[in-house]
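Novice: First the structure, then my questions, so here it is.
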Amino acid sequence: MDGGGGETYGCGGGRREGGWAWAAAAADSVFSRSSSSAREDDEEDLRWAALEKLPTYDRARTALLALPPDGELREVNVRRLAADEQRALLERVAGVADDHAGFLCMFKERLDRVGIKLPTIEVRYENLNVEAESYVGSRGFPTIFNTYANIFEGLGNALHITRKKKQKISILHNVSGIVKPHRMTLLLGPPGSGKTSLLMALAGTLPSTVKVSGTITYNGHTMDEFVPQRSAAYVSQHDLHMAELTVRETVSFSAKCQGVGHHYDMLMELLRREKEENIKPDPEIDLYLKQKAEVVTNHILKILGLDICADTIVGNNMVRGISGGQKKRLTTAEMLVTPGRALFMDEILTGLDSSTTFQIVNSIRQTVHILGGTTIIALLQPAPETYELFDEIIILSDGQVVYNGPRDHVLEFFQSIGFKCPERKGVADFLQEVTSRKDQKQYWTHGDSTYRYISAAEIAEAFQSFHVGQAVRTELVVPFGKGKSHPAALRTSKYGVSMKELLQANIDREILLMKRNSFLYIFQAIRLTVMAINTMTVFMRTNMHRDSIENGRIYMGAQFYGMLMIMFNGLAEMGLAIAKLPVFFKQRDLFFYPAWTYSLPSWILKTPISFLNTIVWVFLTYYVIGFDPNIERFFRQFLALFVMSEATSGLFRFIASLTRDPVVASTMGSSCILISMLSSGFILSREEIKKWWIWGYWISPLMYALNTLAVNEFLGNSWNKTISGFSEPLGRLVLESRGFFPEAKWYWIGVGALLGYVILLNVLYTICLIFLTCTVDVNNDEATSNHMIGNSSSGIKGMVLPFVPLSITFEDIKYSIDMPEALKTQATESRLELLKDISGSFRPGVLTALMGVSGAGKTTLLDVLAGRKTSGYIEGNITISGYPKKQETFARVSGYCEQNDIHSPNVTIYESLMFSAWLRLPTKIDSATRKMIIEEVMELVELYPLKDALVGLPGVSGLSIEQRKRLTIAVELVANPSIIFLDEPTSGLDARAAAIVMRAIRNTVDTGRTVVCTIHQPSIDIFESFDELFLMKRGGEEIYVGPLGQHSCELIRYFEAIEGVSKIKHGYNPSTWMLEVTSPMQEQKTGVNFTQVYKNSELYRRNKNLIKELSTPHESSSDLSFPTQYSQPFLTQCLACLWKQRLSYWRNPRYIAVKYFFTIIVALLFGTMFWGIGQKRNNKQALFSAMGSMYSTCLTMGVQNSASVQPIVSIERTVFYRERASHMYSPLPYALGQVAIELPYIFLQTIIYGMLVYAMIGYEWSGAKFFWYLFFMYFTLSYYTFYGMMAVGLTPNYNMSTVVSTGFYTMWNLFSGFLIPLTRIPIWWRWYYWICPVAWTLNGLVTSQFGDVSDKFDDGERVSDFVKNYFGFHHELLWVPAMVVVSFAVLFAFLFGLSLRLFNFQKR
């Protein structure tokens, strides 16, 4: 079946026509049988005969393998290969990618010989409609006001009081078509046309929030008759992977979960028939079919060119890993191992060079044609040679199918309605642009009639009358007979392998992740050890006595603190769990595994860590503090704390899975800690808890834990003595004073309750994973259709601002990094060199393309030249117009569009550009001119209609990939730089958007600027818009640096003159040809070292002379200098940063709105639990309870503020690194803006909390006392918030900041003066009391409320005297704690700014 698909693969004679250079190694196929001796053949025949006598079950697990070096045949169990056997097998099969078609043909022939047919799938969709509901306009902004309005509106809708204000958005409108097996289908359409929604609908992966109508069938079966996620594979355009795993581990995990190779029943049938017909299979094919994940994984990695980075971690924005193009291929590889027969692939090749793109698509095409797969691939800029690989074309525009049929007829159809593709125009580019309102007119050929815009609806209607459309409609009328469907085509089981194998795969992965995060766990253990040492020296037995109930309270305080330490130690589990959830939800929805196989390892494998941490704590503290010396009670305390640790870890995992957001999770986690603490029986005794809160006491895990620990300690022999005035043992008195149960059975009741919580919370964690969905907005790119946006300006008037044209030269540039651990055993050098003696020059008015295959070092070179590298070793000379480059001044005159589009998520496009222009344009540019520049740049990159759209987070919300890319370019263009580096500016854009961007870049160059672009898949038009080419090969070496010439004539002449290089075909894309003929495989085949050829050429000598000339400054020139380090003065920087932070905070309800909601809940909780306790001044217990409310407030409200701000600062810090590298501002204004914006929100939080709590607790209504209460609360919340910021600034990532912060929370808790007063703290630790901010807060709050009270307790002691004698608080010195808490807030804010200035944790 050809149907216009270009070449056709036949299994009898290999490829029938033509041949691309990359796949010309068929003669050396690893599957060709060598002419061995007769003796060896006889031996092999005998071994095969022995294998055939085995039962079929055993035969499926046994194969023959030739071991190097002498080819010794060995009978192996494919399920349990030894290390040398695995190595030999991988070497034998490693060459399959060199002749992928040959390998597939051999496999197909093996099936054909015994009459086994492979299953195929025909997908039909009829009258398919997809709709979504969304708020539009300003109501769609996630502001605090809108958030609360949405909540009330949702309640109103549920009660049928109000009507819905969401508007329906049509994504796909009444589309129909057929996708057939053995056919490669290309899906084209501009962003926002509905491509992603169509692919997800066909794959059965659309979210439930989207309304779908119409019919989709596979082989005549509707989707409720089988499992579409197992029968098909959807490859997302969003790259979601575990950053800590390597490429090989990621693909291998997918293979283990989905079941690789071919269905087990088919393999058994194949072996049975071969045995009956006495057929001896090819040994490598036999091994490949029987092997599990390892061989298939390596095969896929080889095909996709990922074998070179197979053992490199994936990485993320903060951790260096694989490149963007490699990450995109990894997303494809993860799904290619699926046994599904239908593939729906969404923009899978963004960021890849045209040669690599061609190779990958061709490999997929070979698989589809030979094995009968069904495939739709959405591509943005397919090169002509890649376009020719497809058999069928689907074109979407405005949610309508305007063409669905053979590639051969698509141009005929558009000619029939008056549009013709120009001769040197890529057909795919033409098809992308012909439906566009802006570009359609240039293709109009009906000169006898006046042109008018023909809409997508009109084109779709015309297609129905075209003969292809009529044929599709006719075929749809006849249903596909279900009886024709192969029994194995559609999967009816949810999962690919047994539950045992899925559980084992998740266990193996969890162990790997724990190893990669081992530093975190080691740091936790070290921190716990330090805290244990601190605790045992604070509560040292020499200072601990057993002669009063008050002393018993100190012992109980040590137990309570130990519980909190163990509890807080599990807090980091929340952040780790949330970080993994996006990948989990993706894999769960694709039926990689059931949720319980994921949740069980994450619980069970953390248990040994809890066990060891508890041992450390109990072993260090138990005897030194002086708990009961009975060894049995020692182990009982260990058991109680261990079970409590498991329960609280389960609680934090449950919160993570329930909220799925770090900010909301930290708030909810703080609420749970607060409720557990207040109802534990320590802060408030059981008798003091109000009757309406007693239920909280009975369900609190901390109550059972503390009751268990207290019973274990105070019923011991050490406390079995009486004191004067009492007949009961002291231990029972201590227990009864706090309302605990003084019976020994309560130890086991408590342990049993905690075990119940362990099970319950982990079950709830699993239930959340089963039923809840990811918070990612999957369809954000479809809901913002933006491709019909009227006319835009043709030039950049605003870019014609005064600037100094600058050239940049670089000579003998070397860049190396420390040798990765994985390569140290194989390498003799201590460093890995990524750039090798690179030399060149970029000049004003010259547009240079920086090209090369993936891994050539293009981005690395740009990073080095732009000064963006933060690690590694750089050698060589870089000059700017003849003067040595100085990064401080260079950053002022250069712009760098990074490959990763990093922007603040909560500002609009216009605001992002305003911020960049405000800080980077000179001070003499007034606001009107600045606004004009911004608007013209937005018009230029066609973002003007979206100027009020929020940027959002990549893959989560806001702008689509291509809109984000255009914003990245616009942010740099508004800065009016002299030198611009653009790293893959057209990746992720469709052909039309790429052309728009290149026109903008060309206009920029024509103003006399120096512009360098890395580019991967340029069309002929785009490639020939460049003036010069800087071509690199893998390994970081240049192979051509020079002009392109008219129609690339200079480039073609240079390479065609090299012996062994094939001539370019007529009409072939020069960029694709150039990459093909210089590929590593061609270098190996022809024996040509293109680097040496270049360095021996006249062109190289000419370039060296040019570098020498440009490296010498002109006599009239001067070195680049500016009167100030930054474009704008310090005050303007502060105002700009504060302006952006104000917008970001107002539109961040998950932080601000949740914070206020939490504040109100906590205030009501405290007020109702401590109701009226401030008025009770007749006994000391009431004072302790009032102080307990203050202590709990500081701990919970403060920790919540600190924990919730950390993910916000962490996200913005990534943006800060980019903006600081561009010298937009210094770190101090940024830090001031981040700090200052918090102050009004904290003030409002303080007022809300203070008004509610002060009145409900019943403190004395005095103006001074109320002021001091608000004063200390405000600065306490402030220093906690700023401490959270500081912790992020001092640590490399959010998870580590959480661990570090938790250590200080617990230290502050210990030395706050509540668990153990100052007068009882050992002398050697009192210094820490004086530097503990919480101690000063409690000092201020207690002193201001009770330090001047003259009322007397029952025993006759004045309240003010007790406060002075017991706590050491002096009312006349109230100004001291006031000054100290203010100083702590200022100190932490200052250290936050200092950390931003001194540390850069971004590894590049």
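Each Cβ is built from the backbone N, Cα and C atoms, and glycine gets one as well.
What Swiss-Prot shows for this protein is this:
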type     : residues                                                       : note
BINDING  : GLY189, PRO190, PRO191, GLY192, SER193, GLY194, LYS195, THR196 : ATP 1 binding site
BINDING  : GLY852, VAL853, SER854, GLY855, ALA856, GLY857, LYS858, THR859 : ATP 2 binding site
DOMAIN   : 156-423                                                        : domain 'ABC transporter 1'
DOMAIN   : 808-1059                                                       : domain 'ABC transporter 2'
DOMAIN   : 1132-1346                                                      : domain 'ABC transmembrane type-2 2'
TRANSMEM : 519-539                                                        : transmembrane segment
TRANSMEM : 565-585                                                        : transmembrane segment
TRANSMEM : 607-627                                                        : transmembrane segment
TRANSMEM : 663-683                                                        : transmembrane segment
TRANSMEM : 692-712                                                        : transmembrane segment
TRANSMEM : 751-771                                                        : transmembrane segment
TRANSMEM : 1183-1199                                                      : transmembrane segment
TRANSMEM : 1239-1259                                                      : transmembrane segment
TRANSMEM : 1266-1286                                                      : transmembrane segment
TRANSMEM : 1298-1318                                                      : transmembrane segment
TRANSMEM : 1321-1341                                                      : transmembrane segment
TRANSMEM : 1373-1393                                                      : transmembrane segment
Novice: Determine, to the nearest whole angstrom, how far the Cα atom of LYS195 (ATP 1 binding site) is from the Cα atom of VAL853 (ATP 2 binding site).
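Specialist: LYS195 (ATP 1 binding site) to VAL853 (ATP 2 binding site), Cα-Cα distance: 28 Å.
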Novice: Between the Cα atoms of GLY852 (ATP 2 binding site) and PRO190 (ATP 1 binding site), find the distance and write it as a whole number of Å.
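Specialist: Distance (Cα to Cα, whole Å): 27 Å.
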Novice: I need the most crowded of these binding-site residues: SER193, SER854. Count other C-beta atoms within 10 angstroms of each C-beta and give me the top one.
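Specialist: Per the Cβ count, the most surrounded site is SER193.
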Novice: Looking at the domain 'ABC transporter 1' (156-423) alone, can you tell me the average pLDDT?
Specialist: 84
Novice: Can you tell me whether DSSP puts GLY852 (ATP 2 binding site) in helix, strand or coil?
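Specialist: The three-state answer is strand.
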Novice: Rounded to an integer, what is the Cα-Cα distance in Å between GLY857 (ATP 2 binding site) and SER193 (ATP 1 binding site)?
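Specialist: The Cα atom of GLY857 (ATP 2 binding site) is 34 Å away from the Cα atom of SER193 (ATP 1 binding site).
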Novice: Cβ pairs under 8 Å only, please: of the recorded stretches 663-683, 692-712, 1183-1199, 1298-1318, which one is richest in them relative to the transmembrane segment (519-539)?
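Specialist: Of the candidates 663-683, 692-712, 1183-1199, 1298-1318, 1298-1318 scores highest.
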Novice: Could you pull out which residues elsewhere in the chain have a CB under 8 Å from any CB of the transmembrane segment (663-683), counting only those six or more residues past its ends?
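Specialist: Result: 556-557, 560, 563-564, 567, 571, 574-575, 578, 651-652, 655-656, 689, 693, 696-697, 699-703, 705-707, 738-740, 1150-1151, 1154-1155, 1157-1158, 1161-1162, 1165-1166, 1169, 1185, 1188-1189, 1191-1192, 1195-1197, 1199-1200, 1203-1204, 1206-1208.
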Novice: Mind giving me a neighbour count for GLY194 (ATP 1 binding site)? Other Cβ atoms within 10 Å of its Cβ, every protein chain shown.
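Specialist: Around the Cβ of GLY194 (ATP 1 binding site), 27 other Cβ atoms lie within 10 Å.
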Novice: Should anything in the same chain at least six residues away from the transmembrane segment (1321-1341) have a Cβ under 8 Å from its Cβ atoms, list it; otherwise answer none.
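Specialist: Sequence-distant neighbours of the transmembrane segment (1321-1341): 534, 537-538, 540, 543, 1187, 1190-1191, 1194-1195, 1198, 1268-1269, 1271-1273, 1275-1276, 1279, 1307-1309, 1311-1314, 1367, 1369, 1374, 1377-1378, 1380-1381, 1384.
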Novice: When you measure from the Cβ of GLY857 (ATP 2 binding site), how many other Cβ atoms are you left with inside 10 Å?
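Specialist: There are 24 such Cβ atoms around GLY857 (ATP 2 binding site).
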Novice: Rounded to a whole angstrom, what is the C-alpha distance between PRO190 (ATP 1 binding site) and ALA856 (ATP 2 binding site)?
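Specialist: About 30 Å separates the two Cα atoms.
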Novice: Take the transmembrane segment (1183-1199) and find every residue of the same chain, 6 or more past its ends, with a Cβ under 8 Å from one of its Cβ atoms.
Specialist: 670-671, 673-674, 677-678, 683-684, 688, 1159, 1162, 1166, 1169-1170, 1173-1174, 1176-1177, 1249, 1253, 1257, 1273, 1276-1277, 1279-1280, 1305, 1309, 1312, 1314, 1334, 1337-1338, 1341-1342, 1345-1346, 1359, 1362-1363
Novice: List every residue in the same chain as GLY855 (ATP 2 binding site), at least 6 positions away in sequence, whose Cβ is under 8 Å from its Cβ.
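Specialist: Listed in sequence order, they are ILE308, CYS309, SER323, GLN326, ARG1034.
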Novice: Taking the Cα atoms as reference points, how far is GLY194 (ATP 1 binding site) from THR859 (ATP 2 binding site) in Å?
Specialist: 32
Novice: Cβ neighbours within 10 Å, counted over all protein chains: which one of the binding-site residues THR196, THR859 has the most?
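Specialist: The residue with the most neighbouring Cβ atoms within 10 Å is THR196.
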Novice: Tell me the Cβ neighbour count for PRO191 (ATP 1 binding site), meaning other Cβ atoms within 10 Å of its Cβ, over all protein chains shown.
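Specialist: The answer is 24 other Cβ atoms.
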Novice: Specify all same-chain residues, apart from the site residues GLY852, VAL853, SER854, GLY855, ALA856, GLY857, LYS858, THR859, whose Cβ lies within 8 angstroms of the center of the Cβ atoms of the ATP 2 site, ordered by sequence.
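Specialist: Nearby residues not in the site list: SER323, ASP353, THR860, MET1032, ARG1034.
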Novice: Can you tell me which of the binding-site residues GLY189, PRO191, SER193, THR196 is spatially closest to LYS858 (ATP 2 binding site)? Compare CA atoms only.
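Specialist: With Cα distances computed to LYS858 (ATP 2 binding site), the winner among GLY189, PRO191, SER193, THR196 is PRO191.
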Novice: So how many other Cβ atoms are close to ALA856 (ATP 2 binding site), meaning within 10 Å of its Cβ?
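Specialist: Neighbour count, Cβ to Cβ under the 10 Å cut-off: 25.
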Novice: So, in DSSP terms, is GLY857 (ATP 2 binding site) helix, strand, or coil?
Specialist: coil
